[in-house]
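Since the structure comes first, as structure tokens, the remarks are kept for the end.
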Amino acid sequence: MSNITYVKGNILKPKSYARILIHSCNCNGSWGGGIAYQLALRYPKAEKDYVEVCEKYGSNLLGKCILLPSYENSDLLICCLFTSSFGGSSHGEKQSILNYTKLALDKLKTFREAKDKTRTSEDSIGDYLNGHIKYPIGEYKLEMPQINSGIFGVPWKETERVLEEFSGDMSFTVYQL
């Protein structure tokens, strides 16, 4: 059985359940296109946190992820998968984006398994959550657009194979327009 469910619809439409909206992004502090741009318009405080993280850590974020509160909806967390140093036409190569996607999802998996912890001895995923998390991370539904396939130009089927590697550990709802 697949760990990926496809639905048609608008991923930004408010839902009545706890969810983590996952997107791939750059480490340069720019939510300038694709779903990231839509997130920036809708959740400017979350974008401010994202920019702060990027300014502090830069490319050291590659292969990591961070959870940000949306500040608008207490059931919505935003998960940034850091898969490329830069965005736009300066994005990384396809294989490195896929490798960093897998590493970042591994981090998310670790924190989901850690129940209500957002810090381990090696990493922190939720420095910005400060009371904005309602449930243990593992109870949030994981949702995403077809990550990497827009501005980063990675064929969706290749990212889909990375997601399938997490079968049994994480299930994803993928939104299609």
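Numbering starts at 1 and runs along the chain as displayed.
In case you wondered, yes, glycine gets a Cβ from its N, Cα and C as well.
What Swiss-Prot annotates here:
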BINDING   9-11, 24-26, 31-36, 147-153  substrate binding site
DOMAIN    1-177  domain 'Macro'
For this session: Enumerate same-chain residues with a sequence separation of six or more from Ser24 (substrate binding site) and a Cβ-Cβ distance below 8 A; give 'none' if the list is empty.
Result: Leu81, Phe82, Thr83, Ser84, Ile97, Thr101, Ala104, Ile147, Asn148, Phe152
Problem set entry | Least buried by Cβ count (within 10 Å) of the binding-site residues Gly150, Gly153 | Gly153
For this session: Could you check the binding-site residues Gly9, Gly34 and say which one's CB has the most other CB atoms within 10 Å?
Result: Gly34
Exercise. In sequence order, which same-chain residues at least six apart have a C-beta under 8 angstroms from Trp31 (substrate binding site)?
Worked result: Cys25, Tyr37, Leu39, Ala40, Glu47, Tyr50
Exercise. Relative to the Cβ position of Ile147 (substrate binding site), how many further Cβ atoms are located within 10 Å?
Worked result: 26
Problem set entry | Per-region confidence, the domain 'Macro' (1-177) (mean pLDDT, whole number) | 87
Seminar exercise, completed: What DSSP gives for Gly9 (substrate binding site), in three states, is coil
